[in-house]
Amino acid sequence: MSEVKKPLALIILDGFGYSESDKYNAINAAKAPTWRKIWAENPKTTIATSGMAVGLPEGQMGNSEVGHMTLGAGRVVYQNFTRINKAIADGDFYTNPVYTKAVDDAQSQGKAVHVIGLLSDGGVHSHEDHMIAMMELAVKRGAEKVYMHAFLDGRDTPPRSAKAPLQKTEEKLKALGGGKIASIIGRFFALDRDNRWDRVQQAFDLMVDGKAAFTAQSATAGLEAAYERDENDEFVKATAIVDADGKPVTIEDGDAVIFMNFRPDRARQLTNAFVDKNFDGFARARVPALSDFVMTTEYSADIDTSCAYPPEDLVNSFGEVMAKNGKKQLRIAETEKYAHVTFFFSGGQESLYEGEDRILVPSPQVETYDEQPEMSAPEVTAKLVDAIENGGYDAIICNYANCDQVGHTGDFDASVKAVEAVDAALAEVFAALERVGGEALITADHGNVELMYDDEAQQLHTQHTTLPVPLVYVGKRDISLEQGGSLADIAPTMLALLDVPQPTEMNGRNLVKFSK
């Protein structure tokens, strides 16, 4: 048996925001005695998870990738979203050498430029302004065949909100005097991340072979037809936008494809379908010999293709500091959030640090998580309790995915059950910590289930919120937590509790005040 230690656990309740209002609030509607007790009796505060506090534009909701990177970094990391916004604002975007080479090489051979990505103002995986800017770059550099293949959101935005970005794009292209939206399809198909290749194939076949369930004369007409079929944005079936002759636009040999998503996880599978020489996800009728395939950010170090905005090094994150100080750490989550407690929490590093262990618990194989709101929380909890009692860890980072993943479905009753499942898990975790004399910080990476309906849009609120999230200390020490913090302050706070020096690169602040 390993040495029994008194670990510090960081428990991340994904999508568990803070709102005093009971209106549309699945947390306040849930039977959650464990949560209510610690919130009433323990040192607590709320912290910011959105906007400039996490390196995003002001007012922009946070997300799991940004949240976990900020949690682990202990500083504000200017996210790719902000980085690209800044490049567009100062003009550097339009001279980015990777983008311009892709456009110029295709144009010089009379070939087409295809801009693909999530056309949305959600700002989680992409932004419509980036896609429109890319179309503008191509048209202004003289490319005559410039096409957009738009993936529709409805997950990080209201379920039926795609009309505005489609109209905005059509109006901009009309003003530019070039470019066309060539196809639309829901992100459910194009941006799968769980190896459901049958979905991705529908997006690939649409763009490469023009194989479509439906055709339309314009993108907005195609969307309206989808709504008539009762398809929300996320689930819009493959629709080719055709001219009067009925012929779809297809990606051909010598064309350039530019993928404008800046968040990697949901861009990898479709990218691999285009560029992986050993691809075996599905049978491709045709694989175009592209002049270039550009990923806007590095979707994976293993993907061998052009990258417009390569990663910037992030040194002395929490995991690295722990390793340098000879400490033992564990990262644990189910599949949906495993990358977040590992890759993102480690500042974009795939490999393990010295003294780091990882536990991956498979997520349930269901169509949507409202079918199983408890997800794999019981299995995560069983392994977490064992790690607390027997693992000999100094620090444990754990994510419970339920509130975010179920909250995205918009199902209020299922979201209440998700909260209750997490509450039951917390009861077991706290009991284990008490048995070994351990302690915990409970927080979230962003909100979701505390606001499940959008009064203004008159639709379900399936996306993240900009509300603050709780931070609670559970343990025997007599401490208080300072107000006005953010996710960037969590790593410094953990290091203070562990009596590990905070490196200069971490400019977040320790929120713990120890009683004298």
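Numbering starts at 1 and runs along the chain as displayed.
Placed from the backbone N, Cα and C atoms, the Cβ positions cover glycine too.
Of the residues proposed, His149, His464, the one Swiss-Prot records at the same Mn(2+) 1 site as Asp404, His408 is His464. The candidate list His114, His125, His127 contains one residue that Swiss-Prot assigns to the substrate site with Arg155, Asp156, Arg187, Arg193, Arg263, Pro264, Asp265, Arg266, Lys337, namely His125.
Fewest Cβ neighbours within 10 Å among the binding-site residues His408, His446: this applies to His408.
In this view, the densest Cβ surroundings among the binding-site residues His125, Arg193, Arg266, His464 belong to His464, judged by other Cβ atoms lying within 10 Å.
When the Cα of His125 (substrate binding site) is compared against those of the binding-site residues Asp14, His408, Asp445, His446, His464, the shortest separation belongs to His464. According to its DSSP assignment, Ser64 (Mn(2+) 2 binding site) is helical.
With respect to their backbone Cα atoms, Arg266 (substrate binding site) and Asp14 (Mn(2+) 2 binding site) stand 18 Å from each other.
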